[in-house]
Amino acid sequence: MSEKILIWLSRICAALCLLPIGAVVLAAALGSGSGWGSLAETVLPRYSWNTVQLVLLVALGTGVIGTGAAWLVTVCRFPGVKLFEVLLALPMAFPAYVLAYAYTDLLDHPGAVQTWLRAAFDLGPRDYWFPEIRSLGGVAAMLVLVLYPYVYLLARAAFLQQSFGGYTAARVLGQTPLRAFLRVSLPMARPAIAGGLLLVVMETIADYGTVAYFGVQTFATGIYQAWFSLGDRAAAAQLALCLLSVALLLAVLERIQRGAAKRYPPRASGLSHPVHDLRGWQGWGAALLCALPVLFGFLLPVLLLGNMAAGAEQDLFSRRYLGFMRNSLVLAGIAAILTVTAAVTIGYVVRLRPGHTARLTQLVAGLGYAVPGGVIAVGLMVPLAAFDNGLDGWMRTTFGISTGLLLTGSIAALVVAYMVRFMAAALSAFDSGIATVNPSVDAAARTLGRSPGGMIVQVHLPLIRTSLWTGLLIVFVDVMKELPATLIMRPFNFDTLAVQAHRLASDERLQQAAVPSLVIAAFGLVPVVLLCRTIMRARYGRAAVITP
């Protein structure tokens, strides 16, 4: 394959990733001018305020838990510290909406906790106050429990890369451990922590399953309601444009933070052991603090879902559930293979021609990660529906034949949505692998007469296969968990495990919803195990560069 063909293929992939963003902007601009006024007077203030509150709560919670846990396991020695290094990453296996199902079954009015309280103290339904799980605070709690590992992993990597000389000097000068941490270590790790928080905020504004189940109205739920419940595509596009603007701003900030981290790289520490040896109640207190997010973010949900699934009396291997698993696996497999293939093409062109055009192509292709799945779905449905309607009208006029909807609501369109959404993860995996290949390898292959296509297939792919497998696995699992894009774009009567879990939970059949939820969590555990292997191989004083 020639270099020119690779360049054009990379540009086509980037244009495909840019299509939903451009379609949302165009559809919103062509919508009625009164639509903006109507939105501003009715739902826009409520959506904006709820989204802002949710972002602030989740950012605060994940920042405190993630940074605090990273500091404890990096610079302290206490019972089980090496085990907690791994366990603290496990909640990433769960989508937030799965945790919402588990905790609703436990904490809602008919749940086990409130039922026990009424029976134990002979209380009526109105005789006591209990926190409402179906609230904005409940959504924030679910998101904090599954998203804090983003901050934890990046903060831990930053702390491991720091030279503890400054921290030690501050302690010698009489600063308390807390003051030394706040004045020396925390500012040095700020770019990494900020990068983790920006990823958390992106995931928060993109969440649909949790906010929809708890009945909290945000931009994500508003887009879905405008598209399906109201049938107002212009309003859906205008809401999507608002969310898209915020997402792209966050993407720019994330790039700036990443650039700051590269300009001021931390120096590896010469210390081979933690600087604080916690004993007695201090050590057990630190262990308890690390155990709480693991308990509530992973262990308890697993037990709750297992108990719920055991009482569901559903056969996981029935033809119906095997169909859900087949749909999920086929979609995830096709999307993962095509996404990684496109990422290799785009990234390899940057390797061949590292100019502004190639880097801009790579940047555009990676924008999808910052765009919520619902926005991507709306952005693809608008042009696909226009194409299908135009083709159908032309075929009716010319040949008297109706073609119907060829692309809208097809598996191909859904796979494209997944590719746009998760291209950034595949690009990151390719970049991390190709960076380890010395450019002299390229020169040697060219000297031996290899074409660009032959060089990547015969030389580079075997050298970076581990990184590519990792990227393939991450995209596969992300597609398994993706809900809003699947709900909007799936073909008729084509359900996945995520859609089935959402439908059952929406009907308050939580025990039945636990069955597909557990399967989703089991698949989500696979990339987390790979991350845990990376963590276990890291040693104090060495960099552990892990990108969630």
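Note: Cβ is positioned from N, Cα and C throughout, glycine not excepted.
Those TrEMBL annotations? Automatic predictions, nothing curated.
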When you get a sec, could you say which of 13-32, 513-532 is annotated transmembrane segment by TrEMBL?
513-532
When counting Cβ pairs under 8 Å to the transmembrane segment (363-387), the leader among 286-309, 329-351, 399-420, 513-532:
399-420
Dominant neighbour of the transmembrane segment (286-309) in 329-351, 399-420, 513-532, by Cβ pairs under 8 Å:
513-532
Mind checking which residues of the chain, 6+ beyond the ends of the transmembrane segment (513-532), have their Cβ under 8 Å from one of its Cβ atoms?
86, 89-90, 92-95, 98, 101-102, 105, 153, 301-302, 304-306, 308-309, 312, 314, 316, 321, 324-325, 470, 473-474, 476-477, 480-481, 497-498, 500-502, 504-505, 546, 548
